[in-house]
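One structure is given here, and the rest of the page talks about it.
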Amino acid sequence: IVAVEMDPAWASGLTAAVLGGGALLFLVKRRSEQQRARDKVQAARRRRDASLRRAEEAVRRFQETVLSLSPAELAAQCRDGALSPRRVLHVYMEKALEVQEKLNCCTDFLMESQQQLAQLEGQRDGLLYGVPVSIKDSLGYTGHDSSCGVICKLEDPAAEDSVVVKVLKRQGAIPFMKTNIPQGLLNYDCSNPIYGLTLNPQNPQKTPGGSSGGEGALIGGGGSILGLGTDIGGSIRIPASFCGICGFKPTSNRISMRGLSSCCPGQKSVGTSIGPMARDVDSLALCMKALLCENMFVLDPTVPPIPFNEQVYLSTKRLRIGYYENDGMQQPSPSMSRALRDTKDLLERAGHTVFPRLTYAIYELFCKGVLADEGATLLNSMKGGPIDPCLKGQTVPYGLPWLVKKVLSVLLKPISPRLSSSIDALCGVGSVPALWKNHAAVEVTNTDNYIHEVVSEWRRLELDVMLCPMLGPAYNHTYAGKLTCALPNTTIYNLLNFPAGAVPVSTVTAEDEANLNHYKGNFQDYWDKVFVKAVRGAEGLPVAVQCVALPWQDELCLRFMREVEQLVREKNQI
């Protein structure tokens, strides 16, 4: 063995190098382990985030699937167990709350819908089993106000459900939301001092229409699949038109009105109708079929026991269709006229025969009938609170003394004949004999009256149904109260008690908007100028047409609406 003497300095350096290298290796190894740990954490987080995204996507797809189903499809899937009514309700609750946040369209959430789920099994055979349904504020629901947008009706909850709510529940539907209305209901805007202003789902700068405006907004925004509104002058059809959905006004008293609240009880000249609102015509027909059942006829024996005639609804017989573009009162907007002509052409190409329109009188019968008391009952219901800005332009003349209104009517006649007629109509009828005379001029039993005249002309032309303008596009806010002159297109069919419905067929084009610059109107008066301001800024918004049939031919009217809907759908798919 040979001993080697090592230089102390070199040994010290070697030791240091060895120790340093070990430390470096240790640090490299530790850093590598830390990096692997970080990589594992990041990978785990990526997996978690991806799984959360997949879960969110699955939830979103499920919600979209549920929200895209028709009432018939929804009921079928709930019935066979593919969907749970509880989950369906919660999907619509979530969507309705989202829509409410944007549009302010609801007045009350019906928490009893949660309790109803536990009792739903007994209604499995119902046509609307598991289908969430919204209802207009004025329809009675036990324990909840039917405010009609006026303060005097607050804290006065319904003692029992209205008949239509009872029938809906019996058919397995789940009423879950009450929707907003204009103050007093006799207006086609949607705002009141209690719940505020409702916005249009297509454009928040526009009104959803009224008086069933909350229904139109909620359904148009996707927060409800099916709803019930009421209509005395267009209150279902106008919101349907403004919000791009379908709405149907049945013959008055075809659907029970027991349990319906009103600010003008006792008015008999023009009948109110309860009717459905939905995304498509088949859903309207399903709702009518569900309501027109033995249960409703037992609950309200005053309703004619006429079940839904599905054979008429599903018929493919060629129709003879009456048609008019201008009623002589309010010239349609350019988009209304174009949509109507396009629909007429589609119907003619499909083999239907289209004829000219009829005539009528609106102020002496409709306005004087609805406001026979000079609007006193409506104004009285608004005492104790402010008048909503949307309603002021309409109600200010109501409160003028009778003599002032008469003088104004005379003075305005040479300047604006229809404004003169409108103010004269606000004078009411003046006496009980005059009211009876008004009723006699309308009622069906009198052969020398307006309805008889219209029906005779309808029969002479051998018409099945009528195609006519539907008010639109949606107004800018606050204009509805200034333009009662635009309502004859819808109010006439309340006066006649003809079933009528609105079907969206087109949207406003840039050309339609430009053509407003050339709009003159039928009278070139103040109202015609205001109408242009009301409908401006509507490019892309929906436009509808109105379909009409004779009294008690509700199924034929719906069949006509479905024909229009299908032809438009086929055209858009080309």
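Just so it is clear, glycine is given a Cβ too, placed from its N, Cα and C backbone atoms.
Owing to the predicted nature of the structure, the values given are computational and were not obtained by experimental measurement.
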Next item on the list: Among 12-28, 454-470, find the range that TrEMBL records as transmembrane segment.
Entry: 12-28
Next item on the list: Please determine which of the binding-site residues listed here (LEU185, ILE232) has the lowest count of neighbouring CB atoms within 10 Å.
Entry: ILE232
Notebook entry, point to check: Could you give the maximum C-alpha to C-alpha distance in Å for the residues LEU185, SER211, ILE232, GLY233, GLY234, SER235 that bind substrate per the record?
Noted result: 11
Margin query: Taking only C-alpha atoms and a 10 A limit, tell me which of LEU185, ILE232, GLY233, GLY234, SER235 are near LYS136 (active site, charge relay system). These are the recorded positions.
Written below: none
Next item on the list: Name, in the order they occur in the sequence, the residues of the same chain whose CB lies under 8 A from the CB of SER211 (active site, charge relay system) and which sit 6 or more residues away.
Entry: LYS136, ILE181, PRO182, LEU185, LEU186, ASN187, TYR188, CYS190, GLY229, THR230, SER235
Check: List, in sequence order, the same-chain residues at least six positions removed whose CB sits under 8 Å from that of GLY234 (substrate binding site)?
Finding: TYR188, LEU471, LEU487, ASN489, THR490, THR491, ASN494
